[in-house]
Structure formats: C-alpha cells, structure tokens
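> Sharing a structure here in structure tokens format.
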C-alpha cells in the first residue's frame, strides 16, 4: 500500500505550451542525466519490484482473509505475515534508495544546466543583453530550470512508476474480476471527465480573476510608491474609490472561480467512495446470487488495488501536462545555451601594447537593419589627446565608443588602433588596452577593495589604495566603518552615486590602460562629490588617449578636439575657441547654460 | 492574529467563517461511515446471506457519499466567501493606512506593497485552512481512531502504538530538515544575485574582461546551492518509505493478530477489513496534517507582518481653524527644527522668509535636508518645532486641502500613474481644461512630445510611466505641478534627468510663466538658480549661507567651488554676458 501518492493535483489552467521538437529536447535533457545511467536503470528495476511487491502483498492479504482466517492454519498465517513483513521492509529500503538517487541525479543535472546557461550567457554579445529583458533571462535560469528539475524528479520517475503501477494493478484487477475492474475504470474516467468539465466552466472566471488581480496589484504598487504625490495633490479619496472598485471586482471573480473549483476535491472523493460502494455492492450481490467466484478476500484486495490505481492514473494524466510544461521550459533554457557567443575572428592577433593612436574611418552603423544610428563618422586621435564628444541624448555618442571596444559588429568602415583594425585583435586584449568608465558604473556585491581590484586582477592591496587615492575615493572609503573591506550592497545602494563614480574611476586607474573612454553622468550628482569626480577624471586622463562623452563644460573646454554629434553625424569639430567663433551648434549649446535671462 | 481576522469579518462574512468548518464536519462524518458500513455488508449481509440488508446498506452508503459531496463543496464555498471578503477588507484597511500615514520613518514602499499583496493572500489562504484543512485533517484522524476502536476494539492497540511513533518521527524529520531548507533558500538567493549581477553588469564585465572571474564565482555559488539542496531534499527522503513501511507493518500485524482472534471467533472478517481501511485513512490524514502545520506556520509569519502595517501610526491630522488659504503668497520658516531622532536633527534651526512673488533657490549636498524642508512646508510631517507660515498664517491653522491648493510640488521622484496623460496631469485640478493642460505642459517643455502623440492628452500611460523616457517622465511630473497654476510652485530637483538643452528651455519657460510669482527651486545645478532673488545653501541640515548668486560667490567658499566645478573657469564672464 503506498500512501505517498501525491494525489490528483489540480493543474486546472495551464498556459498553452508550445513544444517545437519534443524528441530532440527530451534527448538533450536525458543527456544531462546520462552520467547516472547505471543507477537510474537500477532504480527502474527496483520500481518494478516494489510495484510487484504491492500487488502480491495485497493479493496475499486477500487470500489470507479468505482461507487462513477460516481454517485453523495459524502457524501458516504467521509465516505468511512474516514473509509479507520482510517484503514490505525491502520495498521500503528500495523506495528510499530510489528517491535518494533521483534527488541527487536531478539536482546534479540542474546544477549542470545552470552552469551551462551561465557560462554561455556571459560570453554572449552585447546585442543579446540589449534585446533581452533581464527578468526573462532570470526566469529561464530559475523557474525554467526548476521546471526541468521537477520533470526529472517527478515526471521521469513518477511517470514510470505510475505507468508500472497502473499497468500492474490494472492487470491484477482484471485477473481478479473483470466486472469490478469495469466499475473501477468507470469511476476513474468519471473523475477525469468531471475535472476537465469543471476546468472549462471556471476558465473564464479564473481569467477574470487573474486580470482583476493584476489590476489590483498595479494599483497597490502605484499608490504606495506614489504616496507623496497622492498626498500632495489630495488624491487619497479618488485613489481609494478606484481601488475599492477593483478590490470588489477581484473578490467577486475569485469567489465564483474558486467556489466552482472547491467542488472538484469533494466530487473526486465522493466518486471514489461511490466506486468503493459499487464494488462492494456488486461483489456482495454476485456472491449472494452465487453467480461468480468473487470472495470477501477478492473484494478486499480489489479495494486496495483500486486505491493504488486511481492515484497513479490521475497522476499520470497530470504528469503529461507537467511534462509538456517542462519540455517547453527546457526549450527556453536550451535557447540560451545555444545562443552564439562573441567570437574573435579566426586569426585574431594578440596585442599587448599600444601607443594610443585611434582612428575611426567612414563608420556607418545600425543596431538593427534599416535604423541607421551612425553616418560616416571620421576621427583621428593622436596619442595622449583628449577628444570630447558633445550632443543631445540619443545622438549616438555612446554608440561610437561601443564600437571602439568591439562590443557590436561593425557594418561599414573601420576602427583602427595603431593602424590595426580592432576586429582583428583578440577581444580580451583589446579591452585590456581600453578602459571604459561608464555613466552608470556597475558595482558588484564584493568588498570595495575587490571591486577596485576588478580593474586588474594582479593588483596588490597597496595598488588598490594608491588607485583610490588618485581617484579621490580614499577619503570617503576610510570614513566607512569597515573601510576598504566594506561590502557593497547590490547595485551599491549603500554609497552615493558620486561615490560609485569615484570607485569606478579608481577601478580605471588600477587598470592602467593607455586608452580611456569616459562617459560622464548626465544626472547631477551630489554637488560635493562632483568636485572630486571632476578632479579624479582630469587626473585619470593625464597621459592617455581619452575620449569623453561630456556634459560638463569645464571638461569640454580643455579638450584637444571637440566633436559635436547630432543624429549620428559629426556636425562640427574643432577646439572650444574655434567652435565658439563659428557661432554654430556648439556655441548655441554652450550659451544655453547661461542664456536664461 | 485571530484578532485581525475577526476585525475584518463582520456579519455574513463572519457567519460563513464559523459555518464552513461545521459543514466540513458533515463531510468528514460521511467519509468515516464508509468503511464501517462496508464491514457491515461483509459481516452481517454476506455472512448471513441477507440480500435485503446488503441493498439497504448500499443505499445508505450512496446517500452518505452524496451528502459528503454537497457538504464538502458547500463548506468550500462558505470558506471562500469568508476568506475573500476578509482579504478585501484587509487590503482596503492597509492601503488606507499606507496612504494616510504622515508619520516620519515607517515601512519602505517595497515592503508595504509586498505586505498588502502577498501577505494578504497568505492570510486568505490561512482562513481557507482554518475553515477546511485544519478541521478536516485532524477530524479525519481523530474520527478514524474513534471509529476503528468502535468497530474492532481488540485491534485498536496496534493503532495506539504505530500512530504516535509515526507522528513523532514525522515531526522530527520536519524539524531536522527545516534549517536545511532555510539554508537552501539563502544559497538560491546567492545564485540569483550572481546571475543578476552578470546581466546588469554585462557591459562592465566585458569592459574589464571579467568573464573568468565571474565564471569562478558562479561555479562556487552553484556548487554550494547543489550541496545545500541535496542535503535539504535528502533530509526528507526517508519520510515516505518509513511511513509506508510502518503502515504496512500495521496491516500485517492486524492480519496476524486479527486472524488469530478470528479463528477463536472473537473478531469478524469485515472488522479486519474496516480496521485496515481506517488505518490507511488515518495515515493519509496525518500526512495532510503535517503539511498543514507547515503551511500554517508560514501564514502566521504573514499575519505578523500584516499586523505591523495595521499598527502603523497614521498620525492625527490637525484640522485648521482658518477659513481658507490666505491671498498672500509669502513663505516664512521661523526657527524650524525636525528629526526622527532628537540627537541627529535632519533640519536644525532653519529660518528664512520669501516675500510674496519672489523666487527662492536652495542648493546643497545630498542628505542636507532640502527635500525635508519642502515636506514640512506641505505638511508631510507635523511633528517639527518652530513655525512655518504661508501668507502670514501658520500652516498648522490651515486645512491640508488649502495648503495643497496653495502649494504644488514637482517632486524629485517623477512618479506617474497608469491611465492617460490627462489622468496624470489633472491630479491637482480635476476639471482642468485642455488650455490649462497645454499651459502646464508648455512650462514643462512637455508639449514637445505630448502634441505629436496620436491621442495627445488621452494617450495611455503604462505602469510607472514605462512608455516614457526618464526625462519625459520628469517633464510630465513638472507639468502636473504646473497645471493648477498654483500661487506657490516648488521644483524639488525636478529636472535632474533631463538633458542640458531641455533643462535650459524649461528654465526659460519658468521665467516666462512664473516671473513675479512665488517659486521655490531646489537643485544641484547652479545654473538653475541664477534667476532666484535669494539662494539658500544647505549643509547637513543647517543653513550655511544665503544671498544672491553674486553675494554667495563672495561669501560662501562652498558655493564658489560648486560654481567653479560646474560652470568652469569662464563662468563669471559668461554669466555677466548673458545677464547684461
């Protein structure tokens, strides 16, 4: 007797899932558990044993009821009971073994899948991260891998045991009594049909419920996070009125949907009871009329078989749904694993040094075909020069710089470092030679020391401190309770935006790259830190070929060349003085800072 | 916890809450009758060959099965009614508190949102459990024990030995595995974090060639998660086989012992069968009970979190005695101090006066108290010391509505609400005409992107304003404050995300629309304050300097340095040029 049947799960409203190639996907999942092939085969073998033990054990129980309880064969009864006891013990041990093997195999396989996702994901081109929502990728790594895990833990093993049980019990039942089997099958069918019917009836109500719940949550989220605005504009009453409507709508829809489905459990339970009744009554009547070979023992055995039959059959039906869901998950996961990673051109060369001579030659660029972002960009930066890129948001300044480190594939034109096309240089080398300080630098959940050291893994602790000093970050770091060992929270929310920038400048200092790309923050930062950032950036640029996407006029004024970018074109170039004299776009931009009277 | 439930269930709802478990008892009772009646069929019907009795009992069983279905479903309907309406009432209460709380400190928005959404759902589940599972499982267990003792008293001792052993074992396994599960949760969070970092920091990782570093870190957390989850799962693995074995053992003993009694004629076949059936029922109920205990403990945590929200201080709003807002639009702060914590004031003895129609600028470091100043002016908090006056009247004497009509704020956080552009812009003036909307949008330089929208003011705004860029959201936010054309307009660092050119245009329009009307501008950019009649410099909650731009250049080194870094060396001639 197995009491741990999970019972019918009410997977009523599964999303429609599309599995494009289930054979291939299944084969790939199986590939992940291939390492434990031998153990899994043993598990399947044992499953057959435990199922057989249940079938035989129960039949023996029935025979005992029929025969040994009648006659005075007590010693035989005891022997049989002892044999049964041993059999049950063995089957418990086997179940333990089965489950522990499944758990370990499934977890190991999940970890392997996660590993594969990660190692491919982080080598994917920038384009992938631009076009894929973080939440979506995260959900593939977590939910989808969980689904595959469930598929392996439950589906493969339970489906197998389920089928073995159903076939075994079914056969045993059929042998015992075809009439009673028919009744049992009718009961199972009825339960299944009812569940389907209920699902259909409630589907619309459940959809309304989901939709209302979505609206409800949105309203809660908005009004709580927008509390200040709600209060400032005396909007509390209106907000509550709208909310109350949605709240009532949700409650009503949920009540209807859940009331109907709350009958599913009792009906299944009742159908089971009815099946029991029908079997007992049918058995009893045929015994009394003497028309068949049914005995009390057979009825008894049959009832227990029935328990072991309806459970798994419901399970198997549900598992088919789960399996479909898991396969769809697996396909989503394999999509990430199969995505083409960034690859160096064949024959890409190793370059360890550069003078810092950079040239952009007739660059046209589009992130997606048909939407050209850059038009014929030309630019020569001599070693040690500072080049400022100026222009409105979205003009293409950052895009130009992205091409320098070969983050995106170039369509026409060339970017040259010391006269060599950057796409022919190994990416790792190229990026070691060029340091990028982003507008919103990313900090990892590591200590400040480790975050700075990310610039160059070989840097010593002293190097870290020196870099921090040169970046004007040492002062604020030492004021923190744990100094350089302060662990940053996720996204470094425990320090200010300006301080994050100082850390990223320290990181750039330690990298000691000959070429520098600085993306100045548009948003104003803490005025106090701003002076530090300004000084640190000036220090960092010294002796390097520097490209600055500039928003601060003081930075721009000191540049060797200023390029004014508009809609992906260089519209003006020159020095601060020469551009002011031209009295064109640059002059207009410069004056707008002060021209407010 | 029970108190929360009772406070949110009244009348019909409360009635259904108590009725549901009673109806559930009927279902349990019906379920429990089945094995006994079957034993009757075997022992009385079959043994005596009494067809009449078999049919009569079968009819009775059918009746019980049908009543069981109705009672089970019915109690579900009742329980759902109670739980959903309890949730409805709880959500309304919590949101009302969240929206009206004006006290300092308090729960952060993200926490509040989770509590009003997830935790309330947990509470709803709790009610369902209390009305159904928590009644059904223990009653089935208890009823099973009683019934089996009644049917076959001689076999009952087997139950009394096996059941407690099972129960204790199950609880032990649960207690042992719980810490493993907590550990696993922590490891899962770690793994998710590394993954998230990798996604969010993709560009940084590429820029500094950190792929191998990240890979190593991920492998480490992934392995830790693997070990932890295997440990957690393994802790629970013995449970199923042990329960199964003990149950089977009980059946075997019942057979052997019952058989020996049967031979002596003390016990009947049917009784043994019924006993075994009850035992299976009891074990199932036990597993159910254990699951419910786990679920229950989770729900209790939610109840505590919900309670914390319910007991938040809403803070009495003092109703003003003055009839309406004063005509005059001056603003005065007189020795105002404020702080959540007495020893570390956020604002320390602030005094200043803005004559009606003048412009005031406020500049200072992050956390210097600039926004708090505005919060006090608009009566976001009432527990400050000193006096704040609008038009010469103490704001404490004014109605909140009067204050908010007089003063509107373009907040630092450009929060938009889903709906339409119109819905968002009419927050301060529900009956604003299109011309008034256009004037507000013009001031904010938002007309530039609203006008081309196909539906213009009726264009949709998605949740959080996601369909607008950061700069556009800020401009809509400014327009919202400008539409009511308030006597006093406040910009609380409201243009931080717009680009230089747009910022300059907004400054121009501000001059055009607000010259000669009281306007307060908080900004980190010196350029935004050049038009102000008076500028306050704030540092760490204090007023460190005040004056016009020129005065401050001379008197405040801090201010002078800000100007130097932001506007560069040439700023004085440049500003002279444009001012002349």
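Placement of Cβ uses the backbone N, Cα and C atoms for every residue, glycine included.
Remember, TrEMBL labels are computer predictions, not curated facts.
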> Of the residue ranges A:128-145, A:182-199, A:200-217, which one carries the transmembrane segment annotation in TrEMBL?
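Residues A:182-199 are the ones TrEMBL records as transmembrane segment.
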> Do you know which of A:241-273, A:274-306 TrEMBL annotates as transmembrane segment?
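That would be A:274-306, the stretch labelled transmembrane segment in TrEMBL.
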> Pick from A:29-56, A:309-336: which range has transmembrane segment per TrEMBL?
A:29-56
> Can you give me the average pLDDT across the domain 'ABC transporter' (A:358-592), rounded to a whole number?
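Residues in the domain 'ABC transporter' (A:358-592) carry a mean pLDDT of 84 in this prediction.
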> Below 8 angstroms Cβ to Cβ, which residues of this chain, lying six or more residues outside the transmembrane segment (A:29-56), approach it?
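Distal contacts: 1-2, 87-88, 90-91, 94-95, 97-98, 101-102, 104-106, 108-109, 112-113, 148, 151-152, 156-157, 160-161, 164-165, 168-169, 172, 305, 308, 327, 330.
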> Report, as numbers and ranges, every residue of the chain located at least six residues beyond the transmembrane segment (A:274-306) whose Cβ falls under 8 Å of a Cβ in that stretch; write 'none' if there are none.
1, 55, 58-59, 61-67, 169, 172-173, 176-177, 179-180, 183-184, 186-187
